[in-house]
Amino acid sequence: MLFLHFLFLDVVLGGSITENVVQENISFYVMQISSYANKSWVQNHGSGWLDELQTHGWDSESDKIIFLHTWSRGNFSNEELEDLQLLFHAYFSGLALRIQHQPSQLEVKYPFEVQARAGCELHSGEHTKGFIHAAVNGLNFLSYQNKSLVPSPEGGTRAQKFCDLFNTYEGIRETVYYLIRDTCPRFLLGLLDAGKMDLQRQVRPEVWLSSSPNLEPGRLLLACHVSGFYPKPIWVMWMRGAQEQLETKQGDILPHADGTWYLRVTLDVAAREAAGLSCRVRHSSLRDQDIILYWGHGLSVILITFAVIVPLVLLIVLMLLYKKRCTYQGIQ
């Protein structure tokens, strides 16, 4: 819900967008996926995210940050960004060396994959909270509390040994603390300020209905398609009058190449009960004007159009044939 966060961002930065502060949280975080095939081979993937919007990538060949938007630099200077770039490079390299040189101490068993997420969350402009979460092969491994790494129960002795090793390096602990408590919040606010024109945009959804036969005879699977909307938060429900149909099933919200979103919401219903159903869509771009499509109305319009146009076309064809015949007889 990025567009809502600007309501309190303006207050934090001393702007004048609104006098009301919306109680919303927003986070910026970096994600890491490192695959270790053996002692000599590792592949790193890195990315940066503003809530659910990817803002940065990581080129593992050149060890450089990829800025995915014109505003992805926030308000940081080139020097600050270069320092962060060097820091990420040192982190990836140092982690790989540590794992390769101390396999027995860390109980390393190849192959394995490390997934990590580190960043900060801004709570309505009041305070920030830093976080680090890491998993190995999909199982929780460690988290961050009070300037220290804390092992997760699922991580076992491996997690305990890794955290004990990390926590002995006071300089690294202070650097991590500074990054998530100072650097990250400043960068987050800079992103929101630099990208507000793009992040605040509102794109109305297009909505249409369809159906497909169900495996069970006499039933239909009704689908409400909502496409091309931005921002991502949206509410879609099958309705009968003012009554929400609790059997409504929502699919995943999928991205389009242009940054907008697509959603499909379905309802399994007896064919004889389909009449009177409608799909209702609420989105910030619509303000208070919900989109409501009634099942069967579109079909009725098509049938009416078909019933009017087809006889008209046939009549025109018959008139042309009759005229042609009369002309031919006149020549004879």
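Using N, Cα and C of the backbone, Cβ positions are placed for all residues, glycine too.
Annotation note: Cys120 (disulfide bond) sits in a strand segment as assigned by DSSP. The disulfide bond annotation in Swiss-Prot covers Cys120-Cys184 (among others).
According to DSSP, Cys279 (disulfide bond) sits within a strand segment. Cβ neighbour count for Cys279 (disulfide bond) (all protein chains, 10 Å cutoff from its Cβ): 25. The disulfide bond annotation in Swiss-Prot covers Cys224-Cys279 (among others), and the record cites sequence analysis as its basis.
Per Swiss-Prot, the feature domain 'Ig-like' maps to 205-292.
Annotation source Swiss-Prot lists signal peptide at 1-17.
The topological domain 'Extracellular' feature in Swiss-Prot is assigned to 18-300.
As annotated by Swiss-Prot, topological domain 'Cytoplasmic' applies to 322-332.
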Entry from the disulfide-bonded residues list Cys120, Cys184, Cys224 having the most other CB atoms no farther than 10 A: Cys224
Cα-to-Cα gap, Cys224 (disulfide bond) vs Cys184 (disulfide bond), nearest whole Å: 40
Pairwise CA distance, Cys279 (disulfide bond) versus Cys120 (disulfide bond), rounded so that it is a whole Å: 38
